Amino acid sequence: MATLLYRLGRGAFRRRRLAVSLWLGALAALLAVSGALGSALDDEFTIPGSESQRALDTLREVLPAAGGTTGQLVFTTPDGSPITDERWAEPLARSLANAAEAPEVSAVVPPEEAGTISADGRTALATVRYPETAFQLADGTTEALQRTVEPARAAGLDVHVGGQAFSPTGVEISAKELFGVVVALLVLVITFGSLLAAGMPLLTALVGVGTAVAALLVGGHLFTLSSTAITLAVMIGLAVGIDYALFILSRHRSHLARGMDPEESAGRALGTAGSAVVFAGLTVVVALCGLSVVGIPFLTVMGLAGAATVTVAVLVAVTLLPALLGFAGERLRPGPGSRAARREEHDAASDAPAATLGGRWVRLVTGRPLLTVLAVVVGLLVVALPARELRLALPDNGSAPHGSTERETYDAISDAFGPGLNGPLLILADTADVEGDPAPALADVTDRLGALPGMAQVAPARPTERDTAWLIEAVPATGPDQEGTERLVHTIRDFSRENAPATGVTLAVTGNTAVAVDVSRQLGDSMVPFGAVVVGLGLLILLLVFRSLVVPLKATLGFLLSVAAAFGAVVMVFEWGWLAGALDVARTGPVVSFLPIILMGVLFGLAMDYEVFVVSRIHERHAHGAAPADAVREGAPLAFRVVTAAALIMFAVFASFVTMEDAIVKPIALALAVGVAVDAFLIRLTLVPAVLVLVGRAGWWLPGWLDRRLPHVDVEGSRLPAPRADAALAPAHRPHTRV
């Protein structure tokens, strides 16, 4: 691997114009195609094979109007008078007539027909039906519906227009999310002391993300792709793209500072740091592809989209970056006497790392390794304690930002009718086994459903286009994301299994709320196989790279501590409300149900990044004969500066996405930001050195029979050819490279 990347680095350095032209050409072509095709994103959650999905598919066949999305018109009198007063009749009628004529509307269900007039008589709710899902509606459809209620507003009624049709769609990344890029630039400038060097990781990361996202948008016309998948791809792509280039560029500058020829330096940087980048990227890709084992399509696509973006980031780092190094040539070499040159000279001395900040830190945490291990583990377990209260659900309009039309409508309905009306259950009744007229059996079933605990209201069964299929609409007493509603869904299913033989009526619960319940259940059932696949493959990769049993096990246990701490932080903010105002959290309560599995997949890959970069420098020293403790104290400080910079950049990128209003992305971004910070600083730069000093030679032990069977993987570049004599001239004798 190291030799192949060494040759690739030198080849890209020499043929830099070709390499840059190919990448820019691919980027321009994909942007042009994606712009011409337009967006085809679909944020609908589906879960093939589940009862709710099968029932929803059937419902769309037998009653297309009920299978699409809905809008809601909420009318409230300003003075407390009944909404049925004659003075409100004419503006209400005109508004509903306008709504019926609005684009794409298939039907409007008036309040009188639906029985949706509040108990105090002040509020009426009309339902607007669309045959398509919210993500299939044409641009301007919901805006047109908002204009239809002007007669009611003009008459003085308080009107709110919202519903599922107003669920946010598309990718919305604002300037606030780009703040992380600004922080990254500052960190890079401080790290390298050069604007030219600082700009390269940013440039390559932007090219990689642009290429990957444009390709995904084109692919969205061939497979279902959600806006969340795009947002996560941008977030992860920026973070790893900058970090991977940082690691390679840092090694290249180190070689240049010691007098190496730029071309030889680029090849060796690819053969050493580039090998670590490839294996780190492979770990991230494996973790993200592992999301496929869950069996939920939108999550599979999300994982594969992220994996594709990371793959592009790796390819950019090992091809485009060395080409840019060729254009920069001698200009990246630290000047004689500069801070960067003095730092490299310092690191080159055998006893120098101990005098740096990283060296002092490593000496501190390894001075009493057992105390360090106990302090880190106990501290993180305390932070993780709130994770026991983590509650999961799919977001709805109640998680939308305050002041948005969908949130105001959601709150108005909850206040007037109770929270359950925001998440009604659609129950598909099959009467194929009923002999004779099904009406008495359906009436009996609906009456008994209404008596179930947690049920607020059950509407009479209404027919569909199929004689044996009937739709029953039920309203829970609790909100869509509350535990009571989940229990009610399971209670209805139990009721159907127990009573179907006697009544002849088989019930299937569906609707957005039931789909959310099934998604959460399947995610919970998939956690163990997902964890086994991802962690197992990750352990195998680390075993191959470091030929040690302790290193992979230690890496995995540290990852579990990081995940637990991130879960604890999410509970503190999104459920307990700590810093909720500062972070602009729209509503405290359950977080998106696939956060745990996304966090585990992404953070495992990123955690292994830092493990590879830290332990590879320690392993280099150990492979060259240093005693285990000395290898840690000499090697870990060499990784300290670059890993710290990389972690700060990744933290800044993830933290900037916490400012998004998206209720899905926001908690995931916070969990990743906390997880990366904990993993980099407390696990890889603190716990890892302490553990390796504590276990001594056992840290590098591998059974002989296993050692003989494992292939040898060269990550540190130990098999690279020795530098040519003319490739190691002193900086003062090195001519400037023409570009």
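Cβ coordinates come from backbone N, Cα and C, glycine included.
Automated prediction, rather than curation, is the source of TrEMBL annotations.
The structure displayed is predicted, hence computed values, not measured ones.
Annotated features in TrEMBL:
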- 178-327: domain 'SSD' (DOMAIN)
- 178-198: transmembrane segment (TRANSMEM)
- 205-223: transmembrane segment (TRANSMEM)
- 229-249: transmembrane segment (TRANSMEM)
- 270-298: transmembrane segment (TRANSMEM)
- 304-329: transmembrane segment (TRANSMEM)
- 370-387: transmembrane segment (TRANSMEM)
- 527-546: transmembrane segment (TRANSMEM)
- 558-579: transmembrane segment (TRANSMEM)
- 591-613: transmembrane segment (TRANSMEM)
- 638-658: transmembrane segment (TRANSMEM)
- 670-695: transmembrane segment (TRANSMEM)
Folded-back contacts onto the transmembrane segment (205-223), same chain, C-beta under 8 angstroms, at least six residues removed: 23-24, 26-27, 30-31, 33-34, 37, 39-41, 229-230, 233-234, 237-238, 241-242, 245, 301, 305, 308-309, 312-313, 315-317, 320
Local confidence of the domain 'SSD' (178-327) - pLDDT mean: 89
Highest-contact recorded stretch vs the transmembrane segment (229-249), from 370-387, 527-546, 638-658, CB pairs under 8 Å: 638-658
Of 304-329, 370-387, 558-579, 591-613, 670-695, whichever stretch has the most CB pairs under 8 A to the transmembrane segment (638-658): 670-695
Tertiary contacts of the transmembrane segment (670-695), as residues 6+ beyond its ends and Cβ separation under 8 Å: 235, 358, 361-362, 365-366, 369-370, 372-373, 376-377, 379-380, 550, 554-555, 558-559, 561-563, 565-567, 569-570, 573-574, 583, 595, 599, 602-603, 606-607, 610-611, 614-615, 618, 628-629, 631-633, 636, 640, 643-644, 646-647, 650-651, 654-655, 658
Chain residues outside the transmembrane segment (270-298) and at least six past its termini with a C-beta under 8 angstroms from it: 1-3, 5-6, 8-9, 43-49, 224, 226, 229, 236, 240, 244, 247-248, 250-251, 304, 306-307, 310-311, 313-314, 317-318, 322, 519, 522-523, 526, 529-530, 533-534, 537-538, 541-542, 545, 594, 597-598, 600-602, 604-606, 608-609, 612-613, 616, 713-717, 720
Helix, strand and coil counts within the domain 'SSD' (178-327) (DSSP): 135 helix, 0 strand, 15 coil
